[in-house]
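Student: This is the structure I want to talk about, given as structure tokens.
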């Protein structure tokens, strides 16, 4: 080691100094011998030389001492340098270790980067494909929009033609009525013309005003149990079936079966009168769950394509029993167990009309009120069997109908706006003119 090398160097220097001292002593031996001779004349000279040699010897000792001190300093510096070197070697080892770890991390990062690049290339490829598909769908959507516009134009033309046929039928009816009054064949002419009007009924609801009924035209024992929903006249019953009635003949035209529980609501599509939508206690149709109802009294607007809630407003203090949309779809009528009937603007969900009557008591959690197709009147049944009709513009009762002896569960104006139909808890259906 360096310390041992330094010790050897010190020993070697000491030996060299001793050897030099001995050599010098040997060199000066004759002088000492000569000085020892009793020569008085040369005594002072030799004495002077001896003193000089003594001084040189002392200087040699001093030089030896300085060399020893320098050697000690160098040994201490050597030790310091050795410790510093060890620190540097330790630091270098740690740096080498960190370098190895950094190389490993770099290798892993490089691998991850290559994987990310491949994934990005795949995503870009998929994005390119999706962009191409989007362009195709956009092109199809534009074509569908153009086709839809063409179909709407055709539909409007058909409606105009239906209106013209209806006007012709009305003119024919009035002409035949005038000519056949005297002959007693007015009833037969009315039945014939009524057939023409019925064939044009699909577009008639947009052109015929609803009338406020005052007389019960027919009383039909339609069901053994309660009837909860009717339209034109289609009745849903507690016997799990729907009954389609012929108003003129007063008998069942079709029986629709398939529900496994009590039918509590029925409606007809505004697009096609052939389609009937019904819901039962078994919740086979879940557009509106009428068994639960909105028991919190809130009116909610939903997006049926996404199933998301668009807006919500407090409509009644108790459960909502029914909703009825106006023909233009801008107004909704709500009825609640708080015995009130509210008209909401569907665009802002703000109330612009509230209708109540002292004797009007909502009979059940699924009692249904309705708006006339000309949007002029609303009708709602009561627990005492009465039907109340309000004028929307006057905000007042214009008629009270009494024929039922059981609580009213539903009432509906027919598609052409003339007869009003109602059904009670005992299954009795009445039509009103």
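A Cβ is built for glycine as well, from the same backbone N, Cα and C atoms used for every other residue.
Any TrEMBL annotation is an automated prediction that lacks curation.
For reference, TrEMBL lists these features for the protein:
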type   : residues : note
COILED : 50-183   : coiled coil
DOMAIN : 44-167   : domain 'Autophagy-related protein 16'
REPEAT : 256-298  : repeat 'WD'
REPEAT : 313-354  : repeat 'WD'
REPEAT : 374-400  : repeat 'WD'
REPEAT : 401-433  : repeat 'WD'
Student: Averaged over the coiled coil (50-183), what pLDDT does the prediction give?
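Tutor: So the average pLDDT across the coiled coil (50-183) works out to 83.
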Student: Please list, for the domain 'Autophagy-related protein 16' (44-167), how many residues fall into helix, strand and coil according to DSSP.
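Tutor: Counts, helix then strand then coil: 124 helix, 0 strand, 0 coil.
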Student: Which numbers of helix, strand and coil residues does DSSP report for the repeat 'WD' (401-433)?
Tutor: 0 helix, 18 strand, 15 coil
Student: Take the repeat 'WD' (374-400) and count its residues per DSSP category (helix H/G/I, strand E/B, coil), listing them in that order.
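Tutor: For the repeat 'WD' (374-400), the helix, strand and coil counts are 0 helix, 16 strand, 11 coil.
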